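Taken straight from Swiss-Prot:
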- Lys144: active site, proton acceptor (ACT_SITE)
- Thr18, Ser20, Leu21, Arg41, Lys50, Ser90, Gly91, Arg95, Asn98, Ser121, Lys144, Phe166: NADP(+) binding site (BINDING)
- Met125, Gly178: (-)-pinoresinol binding site (BINDING)
Amino acid sequence: MKETNFGEKTRVLVVGGTGSLGRRIVSACLAEGHETYVLQRPEIGVDIEKVQLLLSFKRLGAHLVEGSFSDHQSLVSAVKQVDVVVSAMSGVHFRTHNIPVQLKLVAAIKEAGNVKRFLPSEFGMDPSRMGHAMPPGSETFDQKMEIRNAIKAAGISHTYLVGACFAAYFGGNLSQMGTLFPPKNKVDIYGDGNVKVVFVDEDDMAKYTAKTLNDPRTLNKTVYVRPTDNILTQMELVQIWEKLTEKELEKTYVSGNDFLADIEDKEISHQAGLGHFYHIYYEGCLTDHEVGDDEEATKLYPDVKYKRMDEYLKIFV
């Protein structure tokens with residue numbers, strides 16, 4: 001098993017382990033050798049796919065721990081069994097938005113008193129740099145900062161993983177709206193298409209999470225995930241696809257003003273996501289700052305052979 005600096009096994013509890021990223025984090029923690037626990041919440045009810053997923057984790061050696069956000073003591077009992085807690089609660093507005101519920105997790109960790117480190121659900125844009133974000137999407141960053149402030153107030157050691165767009169949502173579709181597949185003939189280009197964006201495969205984000213959670217170099221730090229070969233402009237991403245398919249797409253250039261005007265007609269939940277999109281593709285919020293005194297995942301863990309976007313896109317050809 002993976003050892004901590006204190007010569008103990010690293011016991012990790014993953015909260016949100018049946019979600020798209022959470023299930024990958026569970027698998028990565030098991031592969032890394034961590035003694036892995038997964039919170040089994042009664043809210044899954046008779047969701048057979050989630051039940052079967054939990055049982056598959058158990059077969060691989062994970063421990064299932066019962067706990068509910070409506071039962072504080074059950075959460076305290078769950079976190080008392082581990083050294084590290086990783087949250088992968090969804091922050092997607094148009095599906096489920098569970099960021100605020102992590103306050104209950106913070107309270108449980110504080111009361112338990114034994115958790116050496118907490119990794120809250122972040123993974124995307126650094127909320128500490130998004131004070132200028134437009135509403136209603138700003139709510140996500142406000143809530144993530146509320147979680148961070150609660151962590152600080154409780155004196156809980158932590159690591160924040162941030163800084164990239166998940167390839168499943170932003171890469172395979174060449175950053176197009178309303179689809180997760182590449183366009184066949186036409187593609188919308190945001191602005192001039194030359195703003196740098198960071199893409200990462202979700203499996204790789206999970207691997208970095210599993211590696212950083214007990215690394216003394218990342219304690220009480222922000223870890224940016226910036227795979228060098230995946231720091232691309234949208235135009236570069238499109239050109240990779242055109243090279244793979246040997247077909248040039250018809251390009252429509254969407255100005256920032258037109259993009260913002262189009263947002264106004266959408267439902268609130270979609271306005272939030274599109275606002276984030278604007279900050280990424282027009283303002284370059286993922287790449288407009290240096291790492292500084294914090295850390296960067298690919299430099300810390302060069303042994304992780306991350307998936308480049310040219311490799312990622314091949315499955316769609």
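Note that Cβ sites are derived from N, Cα and C of the backbone, with glycine treated the same way.
A map of Swiss-Prot features onto the structure.
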residue : record                       : Cβ contacts under 8 Å, 6 or more apart
Thr18   : NADP(+) binding site         : Ile44, Lys50, Leu53, Leu54
Leu21   : NADP(+) binding site         : Ala88, Phe123, Phe166, Glu202, Met205, Ala206
Met125  : (-)-pinoresinol binding site : Phe141, Val162, Gly163, His276, His279, Ile280, Cys285, Leu286
Gly178  : (-)-pinoresinol binding site : none
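The separation of Asn98 (NADP(+) binding site) from the residue listed as 'active site, proton acceptor', Cα to Cα, is 11 Å. The least crowded of the recorded positions Lys50, Lys144, judged by other CB atoms within 10 A of its own CB, is Lys50.
Classification of Lys144 (active site, proton acceptor) by DSSP places it within a helix.
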